[in-house]
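Peer 1: Pasting the feature list from TrEMBL:
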- B:94-387: domain 'ABC transmembrane type-1' (DOMAIN)
- B:27-46: transmembrane segment (TRANSMEM)
- B:90-115: transmembrane segment (TRANSMEM)
- B:136-157: transmembrane segment (TRANSMEM)
- B:189-210: transmembrane segment (TRANSMEM)
- B:222-243: transmembrane segment (TRANSMEM)
- B:263-286: transmembrane segment (TRANSMEM)
- B:368-390: transmembrane segment (TRANSMEM)
Amino acid sequence: MSNTRQLDDKVMVEMRGVNKWYGQFHVLKDVNLKVRQGERIVICGPSGSGKSTTIRCINRLEEHQKGDIVVADTVLNNDLKNIETIRREVGMVFQHFNLFPHLTVLENCALAPIWVRKTPRAEAEEIAMKYLRRVRIEEQALKYPGQLSGGQQQRVAIARSLCMNPQVMLFDEPTSALDPEMIKEVLDVMIELAEEGMTMLCVTHEMGFAKTVADRVIFMDKGQIIEENEPEAFFNNPQSERTQAFLSQILNH
Amino acid sequence: MQNANKSPSSRVPEQKTRFWHDPAKRALAFQILLVLVVVGFVGMIVQNTLNNLESRGITTGFDFLSQQAGFGITQTLIEYTESSSYGTTFVVGLLNTILVSVLGIIVATALGFLMGVARLSNNWLVAKVASAFVEVFRNIPLLLQIFFWYFAVLQALPSPRKSIELLDTFYLNVRGFYMPQPVPQEGFGLVWLALVIALIVSYLVIRWNAKRQDETGQRFPAYWTASGLIVGLPLLAFLVSGAPLEWDHPVLKGFNFRGGMTILPELAALWVALSIYTAAFIAEIVRSGIEAVSKGQTEAASALGLSQGKVLRLVVIPQAVRVIIPPLTSQYLNLIKNSSLATAIGYPDLVSVFAGTTLNQTGQAIEVIFMTMLVYLTLSLLVSAFMNWFNSRMALVER
Ligand SMILES: Nc1ncnc2c1ncn2[C@@H]1O[C@H](COP(=O)(O)OP(=O)(O)O)[C@@H](O)[C@H]1O
Ligand SMILES: [Mg+2]
């Protein structure tokens, strides 16, 4: 398998003792995570275990209360400047795509390059077309999101993130809202992205995807990282009982 | 089926639906029936009314419009005396209706948007005050609110001699709100010219900025520049031409003020009541419009690195506006129609002076009511047309 590779030493994302509460509810308990450049991480775990919260803390869609997060050498604190710097370097793909319905596919992709990177429109549209071609959907560029299938929308969402040329990509269950026959077209795009060396953190229950591309699989439960290992060891020889229970549940389905 | 196909002559073939089972034909039949009923009904009423008028000896037609009205009106935007014609009365009433509607729409929109956004505020107190505003003013009958402002608030003000003064220029009393009237002197035309130039230049600057951004990616604060131009240029022209403006101040003479400009209590009460009542509905429309844009939209835009202001401007507002405009239009139409409650406190709007006094004096019910209804219909269609145009423009701007 291609999984065991020589990785860069540069740390792209680091979470140190991250804690988060929703009121009284302790969602994240001492999360420690180090992601090196080019590394592909899959996060799994039962629903409500804090997987989304963990990756949403990385680009400050959620605020953590304790601990440190450093992304691409920028410390994530309350400084808006730092937050915007980090968001420029971190792309995110959501379960429900969240494309902008009032803009065409092309405009969805060109929006951030124009308004954030201050790219001239013609150039921004060229970039957009380049990535739309990469996700094999360039012929839909002038349509509106509502005219596309779920799988196509999710590929557009991936292209939209890539247009900002991010150093890290976060995926939050990118295929769970899709009909089964569309899952593959999205996973294929993600696998290609991995092969090109993108640093990826991916919350997913697609274990086939985890086995092919992940360098490490992380299992979370009740706001904690319970286990983390290379895919082969993780699937064949899970250490904790909770991991075993979880795996037997989803692999039997 | 087979049976029917074999012997078509013996029975009606079943695949041929009877005409009252065919939705299209049935709909047509109902339409025709409905038209017949309506025409018959209207014809009956017209015939009946004509008979009544004839037996009372009232002539029909619009000749009465040139007759002398013989009554005074408290607020007239054009020249009007008791010897003016009923035609002039009509125009005076129409202008008064338009005045209070335009003033009401402006304030209701501003207040409504403010309250709608405030309801979504993270600040507990602000959100609660806004929602109390909405619940109170939306649920009290408008007529009662007009009475409240007119009788309980404005009629309780002191007499002219004991007016509430502000800076020795503004006076508030039971007869109204008095303020100085600007009287442009010779050379003031330059200020208007400067304003027109500033508007044109601003438009060009905004266009040029968008084009420049397309080509180079760079922007500059064009809207601030435009605001500066629109305020600054006329001001400069005003100063350069030696401030050609004088003020006609209101002065207390005997029991009342003379000169200056006045807002009558009737106008004030109607204006305030219409604005606040409609603002409560607009606030709800704005709130639900913003809430209709899902949290996922804001998150996706923020995750791309757009600042909070740009998220609002490029993603949230364009989507919210599309949800807001249609119900907002119907609130504007309601406000215009509700302004006819003016009659209750004697504000001289169209219904009060034309469908009221004029009708009573002339007895030309059909003509007067017909003209009045036509006015409201026209105003409503104009507002709808404008809002539709605005809506389609909003849709285009973002593309
Ligand atoms: N805005 C919120 N307020 C309160 N609780 C929340 C909020 N968002 C998530 N939670 C809770 O935090 C826990 C973790 O949520 P999440 O990270 O979405 O889990 P996962 O993605 O693993 O399913 C869940 O129990 C969820 O109910
Ligand atoms: Mg989740």
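From the backbone N, Cα and C atoms, a Cβ is placed for every residue, glycine too.
Automated prediction, rather than curation, is the source of TrEMBL annotations.
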Peer 1: May I ask for the residues of the chain that lie six or more residues beyond the transmembrane segment (B:222-243) and have a Cβ under 8 Å from a Cβ within it?
Peer 2: 187-188, 190-195, 197-199, 201-202, 205-206, 208-209
Peer 1: Below 8 Å between Cβ atoms, which of the listed ranges B:27-46, B:90-115, B:368-390 makes the most pairs with the transmembrane segment (B:263-286)?
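Peer 2: The stretch with the most close Cβ contacts to the transmembrane segment (B:263-286) is B:90-115.
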Peer 1: So if I exclude everything within five residues of the ends of the transmembrane segment (B:90-115), which remaining residues of that chain have a CB under 8 angstroms from its CBs? That is, six or more out.
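Peer 2: Contacts with the transmembrane segment (B:90-115): 65, 73, 75-78, 80, 130, 133-134, 267, 270-271, 274-276, 278-283, 285-286, 328, 331-332, 335-336, 339-340, 342, 347-354, 358, 371, 375, 379.
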Peer 1: Is the transmembrane segment (B:368-390) packed against any residues at least 6 beyond its ends, judged by a Cβ distance under 8 Å, and which are they?
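Peer 2: Contacts with the transmembrane segment (B:368-390): 90, 94, 97-98, 101, 325-326, 328-329, 332-333, 336-337, 340, 350-351, 354-355, 358-359, 362.
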